[in-house]
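Student: Below are the C-alpha cells for one structure; questions will follow.
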Amino acid sequence: MKTKKFYQHLYFQVLTAISFGVALGYYLPDTGTAMKPLGDGFIKMIKMIITPIIFCTVVTGIAGMDDMKKVGRVGGKALLYFEAVSTLALGIGLVVINIIQPGVGMNADVTKLDTKGLDTYTATAAKGHSFVDFVLGVIPNSVVDAFAKGEILQVLFFAILFGLALSAMGEKGKPVYRLIDEVAHAFFGVVNIIMKFAPIGAFGAMAFTIGKFGLGSLTKLGMLMGSFYLTCLLFVFVVLGTIGKLCGFNIFKFISYIKEELLIVLGTSSSESALPRMMAKLENLGCSKSVVGLVIPTGYSFNLDGTSIYLTMAAVFVAQATNTPLDLTQTLTILGVLMLTSKGAAGVTGSGFVTLAATFAAIPTIPVAGLALILGIDRFMSEARALTNLVGNGVATVVVSRWENELDVARMSQVLNKELDEADGEADLLMMDPEPEEA
C-alpha cells in the first residue's frame with residue numbers, strides 16, 4: 001500500500017485548518033464571524049447522511065443475527081453500561097467542582113445579570129423533559145418525518161423493528177437484506193466524499209467561534225473551564241483508560257487510532273460530525289457490525305460522558321457563584337434529576353446548555369438566571385464535551401462487543417499496534433467491505 005505524505009492525511013489538514021481559523025478569528029474577528037456558513041454547511045452535510053447510515057447499519061446488523069434474543073441482550077448490556085458510566089461521570093464532576101470550588105467568591109447578583117441570551121435555551125427547555133415525553137418522543141409520527149428531521153432515536157427505533165421483521169421473513173428477506181447492505185456501501189461512499197470538506201468546515205467553525213466570542217472571554221471564567229477540561233482528561237485517561245485495560249486495549253493507542261475523528265469534532269464542537277466515520281473505524285477495529293449499529297446511535301442520547309461531567313460542574317458552579325447553599329439532600333437531588341435529563345441530550349452543539357436549563361427549571365434551588373454567568377464560555381467548553389462523548393461511545397462499543405464475544409481481539413491488537421494497513425485511519429477506510437454476516 002502506498003504511504004501518504006503527512007500533508008495528505010486528514011488529521012493534518014484539519015489541524016492546520018483549525019489553526020488558521022483561530023488566527024483569522026483573532027486578528028480579523030468580523031471576517032472570522034462571517035465564516036460561520038462554512039462550518040454550518042459541513043455539519044449539515046454530515047447530518048444529511050447520518051440517519052440513512054444508522055438505518056442501513058442497524059437493519060443489516062439485526063437481520064444478520066441468527067439469534068433474535070441477541071438484540072435485546074446487546075441493548076440491555078449497552079444501557080446498563082451507559083447508566084453506570086454516565087452516572088460515574090456525573091459523580092466525578094460533582095466531586096471535582098466541590099473540591100476546587102471555582103465559583104466561590106464571585107458573589108454574583110442574579111438580579112443584575114444579563115439574561116437576554118438565555119431566552120432561546122429556556123424556551124427549548126420548557127417544552128418538557130419528563131420520562132413519558134422522552135419515551136413517546138422515541139416513537140415517530142411517521143417514518144418519513146423521522147428521517148426528514150434527523151431524529152436519531154426515532155430512526156433507530158424504526159430500524160430495529162424493520163430489522164426484526166426482515167429477519168423473521170427468512171429466505172424471502174435476503175434480497176432486501178442484500179439491497180440495504182449495498183445501499184449502506186453507497187452511503188459510506190458519500191461520507192468519504194463529504195469528509196474531503198472537513199478542513200473547510202473546521203476552519204469556518206473555529207474562525208466563527210474565536211471571532212464572535214474572542215480569546216479574552218476564555219480568561220473571565222478560566223478556573224471553571226480549567227476545572228472542566230482537567231476533569232474530562234482525568235475521566236478519559238483514568239476511568240475510560242481503566243475500562244479499556246480491563247477489555248484488553250490501551251486508551252492512548254485507541255485515541256491515536258481515532259485522531260482524525262477527534263480533530264473533526266474539535267473543529268465542529270459536535271460529536272455527531274464524526275459519527276459515520278466512527279462507526280466504520282470501530283468495525284475495522286474488530287467490533288461486530290450489529291453491536292456497532294446498536295451501541296453508537298443509542299450512545300448519542302444515553303452515553304454522553306462529557307456532557308454529564310459538564311452538567312454537574314456547571315450546576316454547582318452557578319450555585320457557588322450566586323451564593324446559593326446546597327446541602328447533601330439538595331446535591332443528591334441535583335444528581336438524581338441530572339441522571340434523567342442528561343439522557344435526553346444529543347451530541348450536537350448547544351444541547352448540553354439546553355439540558356442544563358431544563359435541569360434548573362426542575363430544581364428551583366438554583367436560579368435559572370445564573371446560567372447567564374456561563375453562557376459566554378459554554379461554546380468553548382463544548383469542544384471538551386464533544387471529544388469526551390466521542391471517546392466514551394467508542395470505548396462503550398468495544399466493551400459491549402467484548403461482553404458479547406463479538407470482538408476480534410487479535411484484529412484489534414493488530415490495528416491499534418498499526419500492524420495492518422487499515423489502521424492508518426485513511427479516508428478510504430469508509431469504502432472497506434463490512435465483516436461478513438449471514439442474512
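Using N, Cα and C of the backbone, Cβ positions are placed for all residues, glycine too.
Sharing the feature lines straight out of Swiss-Prot:
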| type | residues | note |
| --- | --- | --- |
| TRANSMEM | 9-29 | transmembrane segment |
| TRANSMEM | 45-65 | transmembrane segment |
| TRANSMEM | 80-100 | transmembrane segment |
| TRANSMEM | 150-170 | transmembrane segment |
| TRANSMEM | 186-206 | transmembrane segment |
| TRANSMEM | 221-241 | transmembrane segment |
| TRANSMEM | 291-311 | transmembrane segment |
| TRANSMEM | 334-354 | transmembrane segment |
| TRANSMEM | 357-377 | transmembrane segment |
Student: So which of 9-29, 80-100, 291-311 is most in touch with the transmembrane segment (150-170), counting Cβ pairs under 8 Å?
Tutor: 291-311
Student: With the transmembrane segment (357-377) as the reference, which stretch in 9-29, 45-65, 186-206, 221-241, 291-311 has the largest tally of C-beta pairs below 8 Å?
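Tutor: Result: 221-241.
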Student: Against the transmembrane segment (221-241), which of these stretches has the most C-beta pairs under 8 Å: 9-29, 186-206, 291-311?
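Tutor: Answer, by Cβ pair count: 291-311.
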Student: Relative to the transmembrane segment (9-29), which of 45-65, 186-206, 291-311 accounts for the most Cβ pairs at distances under 8 Å?
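Tutor: By Cβ pairs under 8 Å, 186-206 leads among 45-65, 186-206, 291-311.
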